[in-house]
Amino acid sequence: MFRTMLKSKIHRATVTQADLHYVGSCTIDADLMDAADILEGEQIDIVDIDNGNRLTTYAITGERGSGVIGINGAAARLISPGDLVIIIGYGIFDNAELGDYHPRVIFVDENNKQVELGEDPAHAPAGSGLKDPRHPEGE
């Protein structure tokens, strides 16, 4: 049996640009792509935290160290500069591969610089104001 699993997650990145007239895709700083194990041309989902829009597109490598998160083409009607987004990549694994399976979960700061790398998709970094869905308030 094959299962589609979370492979890569860039959490709470800030959109730096959006342009209807670019070829459709999402431009991502090469440092973040490397950290999250996302390849150019790889299918990704983008979830806009500010407005709830969710879309599927593909990754384009942006300038290394620039912090760029660019929404290109028609998606620029759904996601705007300044919006916080989650960028998600998935992998298809057979059951034998799942024993060594570990997603790459990247947290970034307001300039889209990596501040934390983990493997737990539900982890909420201390002091982030985020909640871990596995741990109710007060535990």
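Placed from the backbone N, Cα and C atoms, the Cβ positions cover glycine too.
Going through Thr56, Thr57 against Swiss-Prot, the one listed in the substrate site together with Gly73, Ala74, Ala75 turns out to be Thr57. Cβ atoms within 8 Å of the centroid of the Cβ atoms of Thr57, Gly73, Ala74, Ala75 (the substrate site) belong to the same-chain residues Gly24, Ser25, Cys26, Leu55, Ile71, Asn72, Ala76, Leu78, site residues excluded. Fewest Cβ neighbours within 10 Å among the binding-site residues Ala74, Ala75: that distinction goes to Ala74.
A separation of roughly 5 Å, to the nearest angstrom, links the Cα atoms of Ser25 (active site, schiff-base intermediate with substrate) and Thr57 (substrate binding site). Across the fold, the C-alpha of Ala75 (substrate binding site) and the C-alpha of Tyr58 (active site, proton donor) stand 11 Å from each other.
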